[in-house]
Amino acid sequence: MSTLTFPSPLPSPSEDCEQLHKAFEGWGTNEGLIISVLAHRPAAHRREIRRAYAEIYGEDLLKPLDKELTRDFERAVLLWVLDAAERDAVLANEVVRKWSPGNRVLIEIAVVRKTEELLAAKRAYQVRFKRCLEEDVAAHTRDEYRKLLVPLVSTYRYEGAEVDKSLSKSEAKILHQKIKDNDYSHEDVIRILTTRSKAQLLATFNDYHNEFGNPINKDLKADPKNEFLSAMRAIIRCIICPEKYLEKVIRLAISKTGTDEGALSRIITTRAEVDMKQIKDLYYKRNSVALDSAVKKDTSGDFEDFLLALIGHEGA
Amino acid sequence: MAEEHEALTSAFSGLGVDESSLLTVITKWRKQPEKRRGFRSSSPFFKPHGSFERCEDDFVRSLKVEFARFKNVTVLWAMHPWERDARWIHHVLHKAHPFNIIVEIACTRSSDELLGARKAYHALFHHSIEEDVAYRVKENYCSLLVGLVSAYRYEGSRVDEDIAKSEAKALGHAIKNAGTKDPVENYEVIRILTTRSKTHLKETFRHYSGIYGQSIEQDFADESCLGETVRCLGSSASYFSKVIDKAFGEEADKNAKDALTRVVVSRSDVDMEEIKAVYEKQYKAKLEDKIVKNTRGNYRDALLSLVGM
């Protein structure tokens, strides 16, 4: 569920544009005003604001934002103003260009998003970068990671709830056998993880657990240093419970010495209107402290105010 | 009477059935069972069986197929292109028909047409195309096929010349080393052919000819999966005209004959003019003339209309 709060009724897009323009004018920037507008408008309305701003003031809203804001606050706001599909495309492109085996953002985008959301992201990627996402992922990844990631981003998963029980049993067996043989990048493993529908995979993971005693991720912890296994575990967690996976990403982003502002911005801007409420609840359950408090403690200034507004902090 | 025998034999030879000739003879021979008996005695479709001429089972079977050709054209013509493509692919996967139909669809449709087929496949069969291909294809070209059906290629004109050159070399390298590793299992080959845009690939193939002196289609002159892929991506009109011509051949089997309907119906609105031009150049005959010669009846008329006669 969304954690966004906004006034009802909403001001018109042109009124909001006027406010934003005022915030940019003169010496310094009125960041508080920017936050009070942008952080409290739903996606469709933000799209209208962007369109109206270009019409009235003759330039894309992103331009003055880029000029007036700085650092983490700027990045978070720019991500927020983009459409969900464009946002995913930009994030994917950043990651692909400096990809390393430890990076999980591609997995997050490819698996957490619904089928049509991933498709929209791929379309936006083509429009913006004049190449398709698959060709960039293929060109920048190697070996078993390429074998895994290219099908993962190319797939157009069926979204229905049908489950073939005999298939889930047999594929659980295949997965178990390949894991036992340490043949983690075997084509059957990749085929199953990257083409089956999520409903089918959930059934497969359940059968795995029932038949072989351990949840599949436990059996994939054999070598803690193996990045490929870690990638596979991430895929499986994103399928089983994306909110839990995202909670962990936030938790690690905050708890490390030094905060991973990039991860915080990414998760909060991409999930604020989707399932941030569930993520917050899970965060509290797991850490015994509200996400709001953790964000307050670990970030500061306008960046902090912006994030708090997006996660629905009272009075933000 | 010889005239009618000839008309009947001709009505049943070739693709489709000449319905109007049949009707003429049926009308002419009303109340004349001896004429029909005469036909049965002299026709290869009937064999003497004691006191009567028995109808050959093969004849009945082939009649069923030939009469159905016009029905198939009609149904396919009316269907949404996405549903057509989804059903063809499903048919290939579940009835073990030749893989080249999957290559054809994956490589000759536009990005959005292929995506549409994938959507239709979801709706009709409750699985994704890639999951069924990955699961059911056991041959070594499985990875290539999965990549081809999963592609959502960029459709713009932007090409990176350096990349095109280096990828042409990579393809050449894989082909030269075919002895050590089958190029269809080579990950670089698969990457290049299944992710690059079609414009980019045409440029890459152009560089290939420049570097190696032969076109990449010539280096894959056989009918392997890789060969078909490269032909469909390099010059689809040439590929289609070859498929059409095979349907007219003496040794054409069921799949080759069915391909005529598939190609004409699926390309009629797209690039039929180009195919006709390439066909004439390649086979020194007009496609319309070949159709008139080798097909019959309503089926023939339907094909001629779709081909734009």
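Just so you know, glycine gets a Cβ as well, placed from its N, Cα and C.
Feature annotations, courtesy of TrEMBL:
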BINDING   A:Phe24, A:Gly26, A:Gly28, A:Glu68, A:Ile254, A:Lys256, A:Gly258, A:Thr299, A:Glu304  Ca(2+) 1 binding site
BINDING   A:Asp298  Ca(2+) 3 binding site
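Here the features listed in TrEMBL are placed on the structure.
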residue: A:Phe24; record: Ca(2+) 1 binding site; Cβ neighbours (10 Å): 19
residue: A:Gly28; record: Ca(2+) 1 binding site; Cβ neighbours (10 Å): 9
residue: A:Ile254; record: Ca(2+) 1 binding site; Cβ neighbours (10 Å): 19
residue: A:Gly258; record: Ca(2+) 1 binding site; Cβ neighbours (10 Å): 7
residue: A:Asp298; record: Ca(2+) 3 binding site; Cβ neighbours (10 Å): 18
residue: A:Glu304; record: Ca(2+) 1 binding site; Cβ neighbours (10 Å): 18
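For the pair A:Glu304 (Ca(2+) 1 binding site) and the residue listed as 'Ca(2+) 3 binding site', the Cα-Cα distance reads 8 Å. Here the CA atom of the residue listed as 'Ca(2+) 3 binding site' lies 27 Å from the CA atom of A:Phe24 (Ca(2+) 1 binding site). Cα of A:Gly28 (Ca(2+) 1 binding site) to Cα of A:Asp298 (Ca(2+) 3 binding site): a span of 25 Å. Cα of A:Gly258 (Ca(2+) 1 binding site) to Cα of A:Asp298 (Ca(2+) 3 binding site): a span of 8 Å.
In this structure, the C-alpha atom of A:Ile254 (Ca(2+) 1 binding site) lies 7 angstrom from that of A:Asp298 (Ca(2+) 3 binding site).
In the three-state DSSP reading, A:Gly258 (Ca(2+) 1 binding site) counts as coil.
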